[in-house]
C-alpha cells in the first residue's frame, strides 16, 4: 500500500491535465485554463514550509521517541515506503492528490451534467474523488508514514487549494507566472532556512530520527528530504514556464483535438515521464539535487510541448504518400 514515491503523483497529475486539455480545449496556446498540471508545483508552495516549521512527527519514529514501544508490545511493521526523512505534517501525498484532481473531478461533473439531470450521477465523480483520498490517507497511515490528523489536514488543504485556484485562476499560459513561482519557492525557502538557522531551530531533526528508527537503512529515501521537495516544485514550475514559452500553434492544437482517442496520447506521455524518472542519479549530493530539479523541469516541457509536436510530426509523416 502507499505511493511508491512522489513521482507517481506527478505523472498522474500531468496525464490527467494534458488529457483534459487535449480533449476539450486548444492546447497550451488556446483557452485551456484547467489548472491540474500546475497544481502539482503550486501545492508544494505551502507544503514545503509547513513541513519544515510544523515539526510534524511520523508514527514509525514517534512510537520509539515517545517510549510507547517500550511500555506496550505493538505489532507494527515497517515497509520500504515507510522511512520518509522529512517532517510529517501535513501529508504531501494527500495534499497534492486533492489539489491536482479537484479540477479534473469538477470538469467530469460538468460533463456528466450535460447528458443527465440526475444529481447522483453528477455527484459520482466527487464520490470517487473522496474515496480515492480516503484510500490514499489509509495507505499512508497503514505504512506508519502519517498520523490520521496529518492526512486529514493534507486532504483538506489540497481541496481548498484546488478549489481556490479554479475559482480565481491565475494565467497559467504566461511564462512569467511560472518563473516567478519557481523563483519565489527557491528564494522563500532559502530565506526561511536562514531565519530558522539564525534563531537556532534544528531543521535536520527529522533526518536523525528517521536514520535511527528506520528498521532497514536501505529504505531511507533521499527524495523525501525537504530540499528534494523544493527541487521538484521549483523544477516543475520552471518546466511549466518553458512549456508556456513554447506553446503549440493554433493549427497544431486543432490537429491534436482531432486525434481519437486521446487516451493513447496520454499513455505515451505517461511512458515518457516514467522513462525520464528512471534515469540514473548522481551519488554527489549537489549533483543529485541538480539532477532532480532538471528532470522535473524537463517533464512539463516534454509532455506539454515536445511530445505533442512529435506526435503531429509522426502523424503527418504517416499521412504523406
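Here the Cβ of each residue, glycine as well, is placed from N, Cα and C on the backbone.
Please treat TrEMBL annotations as automatic predictions, because they have not gone through curation.
Taken from TrEMBL, the feature active site, proton donor applies to 93.
As annotated by TrEMBL, active site, nucleophile applies to 146. Neighbour density for residue 146 (active site, nucleophile): within 10 A of its CB lie 30 other CB atoms from the protein chains shown.
What TrEMBL records for 58, 140 is substrate binding site. Listed in sequence order, the residues of the same chain lying 6 or more apart from residue 58 (substrate binding site) and placing their CB within less than 8 Å of its CB are 84, 87, 88, 144, 145, 146, 147, 206, 209, 210.
As annotated by TrEMBL, domain 'Phosphatidic acid phosphatase type 2/haloperoxidase' applies to 38-166.
The transmembrane segment feature in TrEMBL is assigned to 120-141 (among others). With a threshold of 8 Å between CB atoms, the same-chain residues lying at least 6 positions outside the transmembrane segment (120-141) that come near it are 1-3, 59, 91, 93-94, 97-98, 101-102, 105-106, 108-109, 112-113, 147-148, 150-152, 154-155.
Among the features that TrEMBL reports, transmembrane segment is placed at 147-165 (among others).
The annotation transmembrane segment is assigned in TrEMBL to 177-201 (among others).
Summarising the annotation, TrEMBL assigns transmembrane segment to 296-314 (among others).
Here the Cβ of residue 93 (active site, proton donor) has 26 other Cβ atoms within 10 Å, regardless of which shown protein chain they belong to.
Note: the CA-CA distance between residue 93 (active site, proton donor) and residue 140 (substrate binding site) rounds to 8 Å. The number of other Cβ atoms within 10 Å of the Cβ belonging to residue 140 (substrate binding site), over all protein chains shown, comes to 29. Note: the domain 'Phosphatidic acid phosphatase type 2/haloperoxidase' (38-166) comprises 95 helix, 0 strand, 34 coil (DSSP; helix = H, G, I, strand = E, B).
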